[in-house]
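Annotated features in TrEMBL:
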| type | residues | note |
| --- | --- | --- |
| COMPBIAS | 12-30 | compositional bias 'Gly residues' |
| COMPBIAS | 64-74 | compositional bias 'Basic and acidic residues' |
| COMPBIAS | 161-175 | compositional bias 'Basic and acidic residues' |
| COMPBIAS | 587-596 | compositional bias 'Basic and acidic residues' |
| DOMAIN | 356-511 | domain 'AAA+ ATPase' |
| REGION | 1-74 | region 'Disordered' |
| REGION | 149-175 | region 'Disordered' |
| REGION | 587-608 | region 'Disordered' |
Amino acid sequence: MSWLFGLNRGAAPGGGGDAAPGGTGPGTGAGLSLPPAPGGGGGAGDRQTPKDKWSNFDPTGLERAAKAARELDASRHAKDALSLAQMQEQTLQLEQQTKLKEYEAAIEQLKNEQIRVQAEERRKTLNEETKQHQARAQYQDKLARQRYDEQMRQQQLANEENLRKQEESVQKQEAMRRATVEREMELRHKNEMLRVEAEARARAKAERENADIIREQIRLKAAEHRQTVLESLKTAGMLFGEGFRAFVTDWDKVTATVAGLTLLAVGVYSAKNATAVAGRYIEARLGKPSLVRETSRITVLEALKHPIKASFSLVGKRLTSKAQDALEGVVLSPQLEARVRDIAIATRNTKKNKSLYRNILMYGPPGTGKTLFAKKLAVHSGMDYAIMTGGDVAPMGREGVTAMHKLFDWANTSRFGLLLFVDEADAFLRKRATEKISEDLRATLNAFLHRTGQHSNKFMLVLASNQPEQFDWAINDRIDEMVNFDLPQLEERERLVRMYFDRHVLKPATEGKQRLKLAQFDYGKKCSEIARLTEGMSGREISQLAVAWQAAAYASEDGVLTEAMIDARVADAVQQHQQKMEWLKTEGAEATKGTDRNPLLPFPKGTP
């Protein structure tokens, strides 16, 4: 395009570079002459040097460019060329933006990768710290157990040494006391014999000397006494005869006496019956209902009988409800412990805010702590508790409906709120459609459903059952929360074994108040071993096992509980548990034969 603007005009189109004769060439302007170059000759072959950069400018190029522009504007492809140029420009811009976005995406990916690497490093660091903390905690726990076992061993040795010294001292003191008592008895016996012998001799001598005088005195006293008795009898007979004769002859006195005796008899009979009726009425309204077996509530009658004891009970209830833990003495799994602790906190806050209580169902094998937790929950919440058994309802017959209404009337009068715990609730809350339930029991169940149809701020219903699948559907509808108390696992069993071993064996042995001693062996290791052997056993069975250890020590001759005795009792308990499980499995197979199990139920019918 340089030819369009008149550039490079000095060269001929054919490639020749010679200048025109006479010093002028095609590139010069009209009438313009260039001076010769310095030092050059005036020949035709010499090139002329311009004075400045515009000296060689040819304006014809501009004319040709303007003409080409006009032709281009007049052309029908002008708009297409302009659009093509715009599209090329837009394409370049889009390519630049795409490269920019790719660059930003690459930067963002690098940032994400850096964050991921940092997070991975942090996670590895946290895992390593967690492992170190766990190892440190296990090591500290191991050291604590070793210190505890060593302290118990040292304490046992010290207690045995003190007991041995005390026994020796007591034996020496007893021997000295026995010898002293025997010597005193011997001297006292000799002195008594000498005194009796001297008194007998003196009395015999005095009687021999005064025998006549004594006989005369006795005769005179007898005669005087006889005369006095005869005179008294004669005077009394005369007075009684005259009074009886005067009473019989006066009919007004006889009538008044008979009427008075009749009124007295009627009054005594009426007062006796009225007292019995009033007592039954007060007992029904203010006393403990017949369905309640155990309660912490102080009734009016008990307060009247024992006012001081009732006052101390109320004060103690207020004090202990503020400080006692709801799970004190209750060993549960961590998940179940967290759940029931939330229930306890919610119940306590519900009582403080005077809101509506929620009904709870606790199900699971027997001996897993359901009743114990219900009592702890009531005490922790500052409520009264009442325990009833479902098996007490059926024998009441037609009186069951009245007793049920009395129970809930009594519950609504509690000042602190009442936690009503129904143990073995499936005994009377079973399905009404079955033929095994009687009409009286069905009516009692209907009364129970009527009184529990709505939530109350006066009482809280806690049901416990080993077979919740037998509940009537209306009972299931009234349950707000279901809690499964499962059998203790290895960690919980070890805590239970240590707790009951300390309660039933170590404390009686170290306090020295009972006839119980403990042989030397590793208590902590033995407790861990027992926890492994008692798999599948409940907390109640472990408690019974600890009582069996205590009984074995009492049955021995020296009262010493040895490791062999503990192992023997553990083996017996494990064998008995296996036998119970065989019976239960047989019973469950017979109960479920021909019956479809509901998949929504927690466990099959007939299993605890």
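Glycine is treated like the rest: Cβ placed from N, Cα and C.
Remark: secondary structure over the compositional bias 'Basic and acidic residues' (64-74) totals 11 helix, 0 strand, 0 coil, with classes taken from DSSP. Sequence-remote contacts of a segment are chain residues at least 6 beyond its ends whose Cβ falls under 8 Å from one of its Cβ atoms, and for the region 'Disordered' (149-175) they are 506, 509-510, 512, 517-518, 520, 522-525. Counting residues per DSSP class in helix, strand and coil order gives 27 helix, 0 strand, 0 coil for the region 'Disordered' (149-175). In the predicted structure, the domain 'AAA+ ATPase' (356-511) carries a mean pLDDT of 87.
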